[in-house]
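Sequence annotations record features per position, and here Swiss-Prot assigns transmembrane segment to 12-32, 41-61, 81-101, 104-124, 133-153, 160-180, 200-220, 224-244, 257-277, 286-306.
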């Protein structure tokens, strides 16, 4: 029992480390990008190209890691990597277009709807089923985050189509991260090292055009200052940790868990926005955050309950199996003893 606890402890610590890295880096990158892109900051309104910079630095880190032997490179078919990169890039572009064409309220609803979509897609693709407790906790989280983020909700045809594409592609991308790691027995960082160069190249080629359609500005005409350049470097550095931790979390847990616990970032962003940027914090925001946190706690409890039930089921099957073997051995010994006694009795009678 002590040996099992020793084995579980490092795993639990590394799990918490992956979550902490993702939350801290995600919140940090949003704060850096807010300063970078806002009109009160550097007005660098080229989100898709910036994402290309993010993946370029991530690809460079992966290449250095492979060259120094820090990580091993495993084979993944090129068509799988290209397919994944297409899905991931469509997700990025569609999210940006959705934000541009829809109201902030509808954009937040579309992001929240990713949780049930991921659940349905995992059920269709991997025949995965969820307990009643998990379903309830997911609903509580969605309602809580919805209360504190959704304001005005306006829908138009183009925006609705972009939102649907964004939801589908983002959900599929997160499922693919986990399935590719399992399918090819490849680590999260190794997979990221293979997909990042493809994403970086394609986003840096297509990104300026997408950004022009979104903002009406060309990146080549932007007047780059030293402060803006430093914030781009900061954003890219945080993106490396954000990308690595995303792959780590989905590889260790599931796309649904990543979505649910990931909404802790929304709570952190609202709180930091209130502390650092004088954003308004209303009773509605606070109430929504409390409901969301309660939902996350219920989800953690429900997942632990599922794990315990799986372990108990395996233990029961193991006990049943061992009892059957013991009974067979006892029965066998009993038959042999009876036969020997019969032989002895036969000899006595003679």
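Cβ from N, Cα, C; glycine included.
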* **Contact ranking winner - 12-32, 200-220, 286-306 against the transmembrane segment (81-101), Cβ under 8 Å** => 200-220
* Long-range environment of the transmembrane segment (200-220) - Cβ separation under 8 angstroms, sequence gap at least 6 -> 45-49, 51-53, 55-56, 58-59, 85, 89, 92-93, 96-97, 100
* **Residue numbers, six or more beyond the limits of the transmembrane segment (224-244), whose CB comes under 8 Å of its CB atoms** => 21-22, 24-26, 28-29, 32-33, 35-36, 41-42, 44, 50-51, 53-58, 61, 188-189, 192, 196
* By Cβ distance under 8 Å, which residues at least 6 away from the ends of the transmembrane segment (41-61) in the same chain are close to it? -> 33-35, 92-93, 96, 192-193, 196-197, 199-200, 203-204, 206-208, 210-211, 214-215, 217, 219, 222, 225, 227-228, 231-232, 235-237, 239-240, 243-244
